[in-house]
Amino acid sequence: MLRGQRHGQLGWHRPAAGLGGLVTSLMLACACAASCRETCCPVGPSGLRCTRAGTLNTLRGLRGAGNLTELYVENQRDLQRLEFEDLQGLGELRSLTIVKSGLRFVAPDAFHFTPRLSHLNLSSNALESLSWKTVQGLSLQDLTLSGNPLHCSCALLWLQRWEQEDLCGVYTQKLQGSGSGDQFLPLGHNNSCGVPSVKIQMPNDSVEVGDDVFLQCQVEGQALQQADWILTELEGTATMKKSGDLPSLGLTLVNVTSDLNKKNVTCWAENDVGRAEVSVQVSVSFPASVHLGKAVEQHHWCIPFSVDGQPAPSLRWFFNGSVLNETSFIFTQFLESALTNETMRHGCLRLNQPTHVNNGNYTLLAANPYGQAAASIMAAFMDNPFEFNPEDPIPVSFSPVDTNSTSRDPVEKKDETPFGVSVAVGLAVSAALFLSALLLVLNKCGQRSKFGINRPAVLAPEDGLAMSLHFMTLGGSSLSPTEGKGSGLQGHIMENPQYFSDTCVHHIKRQDIILKWELGEGAFGKVFLAECYNLLNDQDKMLVAVKALKETSENARQDFHREAELLTMLQHQHIVRFFGVCTEGGPLLMVFEYMRHGDLNRFLRSHGPDAKLLAGGEDVAPGPLGLGQLLAVASQVAAGMVYLASLHFVHRDLATRNCLVGQGLVVKIGDFGMSRDIYSTDYYRVGGRTMLPIRWMPPESILYRKFSTESDVWSFGVVLWEIFTYGKQPWYQLSNTEAIECITQGRELERPRACPPDVYAIMRGCWQREPQQRLSMKDVHARLQALAQAPPSYLDVLG
C-alpha cells in the first residue's frame, strides 16, 4: 500500500496567500449557505458546495454547470467513480474538490471537458491508483492526493517523477510502498517500471520520386497498452497503408512525391507508466529547380530567387554569360523561412548601389546529383549616362565647309570639326556650368544651412548624430559665436546637393510602428524602443529605436527632413543604421537600428574592473573585457570614422557616449541626441546654450572653434583612452577650466594601466598639437586592425 505523510499537501501547491484566500472564501460562503437544505448549494456567483452526507452518487446534471468555476464535494460515500461524461458542460471549471468521499476510480479521460482546471483536491478518498493520462494536458497548480490507499505500482511512477523533479511542491509528500510489517520502500525501487521504447527502422537505400517506402516501428516495454502512427503531415504526399500490431507496426508509403521531404512520420506507444514517441523524416531525392524574379529596389537591390531540390543544390551566378564572382557589394543572401518543413529555399542576389555597369543578364544555375536547372532575368538598375561605349574608339566624321571643293581627301579637311572635339567642348561647357552652379549653392548653403551650422550654439542640446556632422570642402571649419548668429561658414562648409534628395528617404507607415517603452529623452523629444513591421523583407518584425520630435515648428520640421536626408546617405556597418521616417500624423518619427547594449561608455563601465562598485548590487559581467576585445571595439569605431572622413564629414562630438553596442560586441557610431542630457558633466557650457565637449577637443577647437577631420582624429585618441580605461572620463581629476588649461598647454593624458605601449603610441599620434602632424584616420584604423589580429603580449605589472 502507498501511504501519504502530509507535510502540507501532495502535489502542486498554490501560494499560501492564494490557498488561504480560497479557504477564507469557502468559510464565508458557509454562512450564506447555512439556510440551504438541498444536496448542492450555490457559493457566490460561480461556486457550488455539495456537503449533505450521502446525497450524491454522480456529478452529472449539476445545476448551473455551465457557469461553475469552483465545485466542492464532501462526505459523499456513494460517489465512487468519476467517468468521461460526468463533468461534461463544466468547461469553465477551475477548482474541483472531492474529499472524505468514496471515490475509488477516476477515468483517464475524466477531465476531458474541463481544460481550464488548475486546482484538484482528491484527498481522503478510496483511490488505489491514478493514471498519468488523467492529468495529461491540464495546467494544474494544486494536486492533493493525501489520505488515499494508493497501491505501489508502475502506474504511479509518473507521480514519483514529479516529486523528484520538484514540480510545484510535489516533494512535500513522501510516497512509499508498503513492505512486510511497517517497513516502507521507495516507489523508485521497482526497476521494472519504464515507458515504452520506440524505434523506427528506415530504408537503407536512397528514395526517389515514385518509389514505395516501408517503415517499421518496433515497441518494447512492460504492460504495453496501445501504439499507432501519427501521419497528419503526410496527407497528400503519398498513399499510406498500415499493417501489423504490437509490438511491431508497419507503414507503407506508396508512390512518394518530393512533398514528403521534411515531413515528420511519428510512431507512439503507451503503457501504465507513460507515453513515448519518436519521429523520423524520409528523404526523397529529386533534381534541382530554380525560379528567378524581377529585380526590386530595397535597401539594396534584390534579384529574388527560389531553388528546390534534394539534396540541397549548389548555386552559381552568371552575369552576361560569365561567372559572377561575389563580393561584399554583390552577394547571395538566403531568407529565413517560417516553414521548416519544406526543401524550397528563398533568397536574393543583393547588389549594393549598382550602376549602369551592372545592367545585364543574370543567370542562376542550381545543381545537385540528380539534375540541374537554370533561369535568367534581365536587370536594369541605371540608365547609361553615355551615348556611346567609352571603351570603343570615338568615330570621326567630316563635313566640308565648301560644297564646291574639288578635294575628296577622306583623311583631313582644313575647316572640318571632328565629333570628338565637339564632345570635348560640350564637356568643358558643362563643367563650367557645373562650377558656376556649385558657387551659387556654396553661397546659398552658407547662408541657410539647416544642419546646425547657423545655430547660436556650436553643439546645441537638440543636436543629434546628423546635427554633429558637417561636409567639409575647404579644409577645416571654424565657428565663432558671432558667426553662429550671422552668415555661417561661407566658403568653408557646404551641403553637397547630390547628397540630399527627398526621394531617397524611406517612409514608414505609422501602423507598422508599435512603441514598447521609453529609452530616454533629450531636448529634441523622446526615444522609444519599438517593434516595426514590414521593415526588412527577411523579417516580419524587428526591434528598432524610434526618435520622436517634440518641437512642431516649421524650422524643426525642416531640420528633421534635412537630418533624415543626411542619415539616409550614411550607410556603413559601423554607423548606426537609419531605416527611415514616419511623417503620417504626429509626432514626426525617425526609425533607427536598435543596439541592445546601449552606449559604449556604460558598456565599458559595466565590463570593467570596477563593474561591481558601479553596479550597486545588480548583476555584473563575469569579468572585464580582454585586450583583444578592447582592440576590436577600438578598431570598429575607427572603421566608422574612416568612412566619415572619406566623405569629408566632421563628427565634432566623437566620444564613447555617442557610440552604441549591439549583439556580439558590434560597435557603431551614432547617438540619438540624449548624451548631452545623460552625460551633462562631459560638456562645458559657454554662454546660454552652447555646450562643448572640451575634454575631447583639440587646442584649435577650444581656442578658435575650428573643427576638421584632424580634430576628429584628436577626439578618437581620447576615445581610445576611454576604451582602455573602461569608460573613465578624460581628466576626471580636473575641473573643466583646469582641463582646458592642460589641453591648451600641451599636456597629454597618461597611459592607462590596461594599455600596451603600441596602443598608447597611436593615442599620442592622434594628439599632435599641429593638426597636419596627426595620424590620419586611415592609418589609425590600419594600426588598430593589425594589433587586433595579433594582440601584443602585455602584462599589467601595476594592476
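Cβ coordinates are placed from backbone N, Cα and C, and glycine is handled just like the others.
Residues annotated as topological domain 'Extracellular' in Swiss-Prot: 33-418. Among the features that Swiss-Prot reports, disulfide bond is placed at Cys36-Cys41, Cys40-Cys50, Cys154-Cys193, Cys217-Cys267, Cys302-Cys348. According to Swiss-Prot, the feature repeat 'LRR 2' maps to 116-137. Look at Swiss-Prot and you will find 148-219 tagged as domain 'LRRCT'. Summarising the annotation, Swiss-Prot assigns transmembrane segment to 419-442. Positions annotated as topological domain 'Cytoplasmic' by Swiss-Prot, on the basis of sequence analysis: 443-799. Residues or ranges marked as site 'Interaction with SHC1' by Swiss-Prot: Tyr499. Here Swiss-Prot flags Asp653 as active site, proton acceptor. Feature annotation from Swiss-Prot assigns site 'Interaction with PLCG1' to Tyr794; the stated evidence is similarity to another entry.
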Secondary structure at Cys193 (disulfide bond), reduced by DSSP to three states: coil
For the domain 'LRRCT' (148-219), the mean pLDDT of the predicted model: 71
Nearest recorded site to Cys193 (disulfide bond) by CA-CA distance, among disulfide-bonded residues Cys41, Cys267, Cys348: Cys267
Other CB atoms, at most 10 A from the CB of Asp653 (active site, proton acceptor): 28
Helix, strand and coil residues within the repeat 'LRR 2' (116-137) as assigned by DSSP: 4 helix, 3 strand, 15 coil
Distance, Cys154 (disulfide bond) to Cys40 (disulfide bond) (CA atoms, angstrom): 37
Cys154 (disulfide bond) versus Cys41 (disulfide bond) - Cα distance in angstrom: 40
Residue pair Cys348 (disulfide bond), Asp653 (active site, proton acceptor) - Cα distance, angstrom, rounded: 38
Nearest recorded site to the residue listed as 'active site, proton acceptor' by CA-CA distance, among disulfide-bonded residues Cys50, Cys154, Cys217: Cys217
Alpha-carbon spacing, Cys154 (disulfide bond) to Cys217 (disulfide bond), which is rounded to whole Å: 24
Other C-beta atoms that fall within 10 angstroms of the C-beta of Cys50 (disulfide bond): 22
Proximal residue to Cys50 (disulfide bond) among disulfide-bonded residues Cys217, Cys267, Cys302 (C-alpha distance): Cys267
All-chain count of other Cβ atoms within 10 Å of Cys40 (disulfide bond): 21
Integer Å distance between the CA atoms belonging to Cys302 (disulfide bond) and Cys267 (disulfide bond): 43
Cα distance (Å, whole number) from Cys217 (disulfide bond) to Cys302 (disulfide bond): 47
Spatial neighbours of Cys217 (disulfide bond) that are distant in sequence (at least 6 apart) but have CB under 8 A: Val198, Lys199, Ile200, Gln201, Ala227, Trp229, Ser248, Leu249, Gly250, Leu251, Cys267
Among Cys41, Cys154, Cys267, Cys302, the most crowded of the disulfide-bonded residues [Cβ within 10 Å]: Cys267
